[in-house]
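A.B. asks: Take this structure first; my questions come after.
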Amino acid sequence: MERSTVRSGRPSVSSTTARPQLSNLGLGYSIAIALGFLILFASFLLAFYFCFGRGGDYWAGEAVTTASSSGHLSITVPRVLFVAEGSESPEDDAYPSSSAAAACSPVGLDAAAIASYPKVAFSSKAAEADAMCSICLSEYRDGETLRVMPECRHGFHVACLDAWLSRSASCPVCRSSQDAAGEIAAELQGTPDFIIGNYSDGNLVASLLSYKMGITHCNIAHALEKTKYPDSDIFWKNFDEKYHFSCQFTTDIIAMNNADFIITSTYQEIAGSKNIVGHGHLDDRSKPILFSMARLDRVKDITGLVEAFAKCAKLRELANLVVVAGYNDVKKSKDREEIAEIEKMHELIKTHKLFRQFRWISAQTNRARNENGIGFPGYF
């Protein structure tokens, strides 16, 4: 007897058909959850960027944001307020700490005070006219309008001085020397006898200080950097962007013209004694010693000193010459300029017969020997 099969009215669904549907349903939920998490994370990053990355408008003006010319975000610069001395504002009551901050802020002038400073037209024919603005270091043009400080009569570009006075009420030229002069007098409890300047910037400051304090200015003059480069005397403008020769030359001219006396650093004269007469043997040790110690290159011109000594019979009769410079042996040097100077030195010694009147001591390069005070190897 055959077994009868009873079927319901619903269509039967096999287990193999139901499993793919459940899998598709779970995948959709997973994608939705992942997208929601990404959107939430992106919103958090965007909020963090606007609140902390840009930092400007969301913090009541505590900082301002600057942007570069390319449109990209630049660094965040704190806002600095320049206030006049003794000024009061309603903000002092609301924010008690603002008065303390104002006391430490740079003291400047308001726009009305700056506008009251006189203006003049620049003329290169003026007897004592400054040809260059000390703020931007640019030369003036004839007929250009300058703003002048009323007390000292120093003139500057209008835009340059206006920006300066908004931050400081003092003259850009006189300010550093006035502040330093007061500090020096307080430290020394009196005025020094004279002041020594070294290098271009140091000599300019020394010149201003000596003028302000009414004391003697000693200028130590070094070789100008331009002499180290070929044809820089003629084509100095080609190097000016990198080495700022125009500023250096102007500084040196001002400082040297105002100096009471100048000491050159190429060589120094020292007196000998019975205990210290230099290294090596000299025929007449009673003569004073002309001593020079420097690099052996064209800038220091040690060979020029030796040649001048060799050609002056009177000087050779009265003194001995001792130099400490470079190597005696040309094989020890790897510098082409020094090699040329070594060969020139040997030629001068032989040509002018400087034996027994001249000592050439090679420079000591061994630090251990220098620290122990061991002498230099000599020549002749």
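Backbone N, Cα and C define each Cβ position, glycine as well.
Unlike curated records, TrEMBL annotations are generated automatically.
Below are the features I grabbed from TrEMBL:
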type	residues	note
DOMAIN	133-175	domain 'RING-type'
TRANSMEM	29-52	transmembrane segment
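Can you tell me where each of these features sits in the structure?
C.D. replies: Counting same-chain residues at least six beyond the ends of the domain 'RING-type' (133-175), those with a Cβ under 8 angstroms from any Cβ of the stretch are 82, 106-109, 111, 113-114, 117-124, 208, 246-247.
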A.B. asks: Which whole number is the mean pLDDT over the domain 'RING-type' (133-175)?
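C.D. replies: Mean model confidence (pLDDT) across the domain 'RING-type' (133-175) is 82.
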